[in-house]
Amino acid sequence: MADRHTGTHGHVPVMLERMVELIAPTVTESSENSAPSVILDGTLGAGGHTESFLERFPSAMVIGVDRDKKELSRTTERLSRFQDRFYPVHARFDNFDEALDDADHPVVDAFDAHGLSAGFFDLGVSSMQLDQVDRGFTYRDDGPLDMRMDTSTGKTAADVLNTYSHGELARILKTYGDERFAGPLARAIVREREKEPWSTSQRLVDLIYATIPASARRHGGHPAKRTFQALRVEVNAELDALRRVIPKVCSYLHLGGRAVFMSYQSLEDKIVKRELAALTESKTPPGLPIDLPNSAPDFHLVTRGSEKADEQENNKNPRAHSVRVRAVERTGYSHSSPPPGSTPARASGSSTTYSARSGSRHEAHREGREHLVSSAQQSISHREDVEGEQ
């Protein structure tokens with residue numbers, strides 16, 4: 001059996017004990033009500049967190065989602081000892097429900113009947129992917145400029161560098177990498193590809209060193225870090241997927257269910273913060289002493305702001321230095337936001353669970369999910385209008 005803290009796979013899960021604490025209340029409640037607890041791990045990776053969830057909570061089941069076929073296969077084999085309590089899914093995490101439509105498995109049956117007890121997301125690129133030079137994620141070793149999390153489909157980083165206009169390159173470097181020298185770098189990339197198409201990472205690193213002034217290279221870590229991050233985010237449409245999945249996974253939570261997000265860069269954390277704020281915002285006009293009917297939010301924040309790793313965790317796991325954790329819990333169903341495409345199936349104390357109507361799972365949940373997404377977007381738009389007036 002793999003050690004739950006390091007694993008035979010060599011991966012050290014970040015803030016493992018705290019993640020177990022955040023998931024525990026909803027899983028324990030489901031267990032006491034004799035209902036299976038289904039956890040969605042939207043970023044399975046090496047499976048360190050999922051392995052611990054399955055070990056700590058005997059009644060828990062996990063749907064493990066990953067875009068990387070090779071890593072998904074390795075992790076599925078390693079977790080085979082959990083048998084029918086684990087179900088692997090090859091998909092981008094914002095498409096997890098569509099990927100389950102034709103699935104026939106006990107975990108999926110439990111998801112259909114009771115929804116999710118928890119959704120868990122450990123965002124960003126995994127350390128195992130960084131260690132594979134042929135994937136192109138690292139700027140420390142020369143390799144092909146690929147950067148796809150799913151190598152079976154989509155454009156590569158080389159495709160981006162060789163086909164995007166100067167303006168498009170400058171935009172992604174500035175927006176996704178917060179690169180001060182986005183314009184000069186974009187011009188240099190376009191100039192160099194006219195001599196020879198981009199294909200390897202070391203050539204790009206050399207160009208970055210040659211373009212960014214020496215005084216700027218002395219601060220802020222490796223000078224190629226921001227460019228490689230921007231390319232990876234663009235290649236994998238990471239931020240678009242994150243915006244989509246937050247309201248979607250929350251729409252599948254049963255009462256008391258929680259969604260937990262671990263972010264490692266400011267762009268991710270800002271999106272998580274914004275989306276969760278929209279979900280937990282009352283629709284009652286400001287100034288009224290109580291919430292109007294059907295205006296109270298269906299979710300509340302579990303974490304105060306974002307949680308960070310403590311000193312002990314940082315010493316044990318260097319990757320934990322930049323992590324930010326946010327979590328939300330479902331506290332109700334407003335009349336305008338009913339259980340997504342479902343009818344009451346079981347009630348016990350304060351917890352009610354739901355089962356999908358007949359027809360495909362995707363169709364059954366579409367109406368409620370679309371309403372939740374729409375409500376979140378309206379809250380974001382309203383907040384932007386208010387901020388713009390101030």
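From the backbone N, Cα and C atoms, a Cβ is placed for every residue, glycine too.
Quick look at what Swiss-Prot annotates:
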- G47, G48, H49, D66, F93, D122, Q129: S-adenosyl-L-methionine binding site (BINDING)
- 282-390: region 'Disordered' (REGION)
- 305-316: compositional bias 'Basic and acidic residues' (COMPBIAS)
- 348-358: compositional bias 'Polar residues' (COMPBIAS)
- 360-372: compositional bias 'Basic and acidic residues' (COMPBIAS)
- 381-390: compositional bias 'Basic and acidic residues' (COMPBIAS)
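Taking the features listed in Swiss-Prot, we show where each one sits on the structure.
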| residue | record | Cβ within 10 Å |
| --- | --- | --- |
| G47 | S-adenosyl-L-methionine binding site | 29 |
| G48 | S-adenosyl-L-methionine binding site | 26 |
| H49 | S-adenosyl-L-methionine binding site | 28 |
| D66 | S-adenosyl-L-methionine binding site | 27 |
| F93 | S-adenosyl-L-methionine binding site | 25 |
| D122 | S-adenosyl-L-methionine binding site | 24 |
| Q129 | S-adenosyl-L-methionine binding site | 20 |
Would you work out the biggest C-alpha to C-alpha distance among G47, G48, H49, D66, F93, D122, Q129, the residues that bind S-adenosyl-L-methionine according to the record, and give it in angstrom as a whole number? 17
Could you check what DSSP calls G48 (S-adenosyl-L-methionine binding site) once collapsed to helix, strand or coil? helix
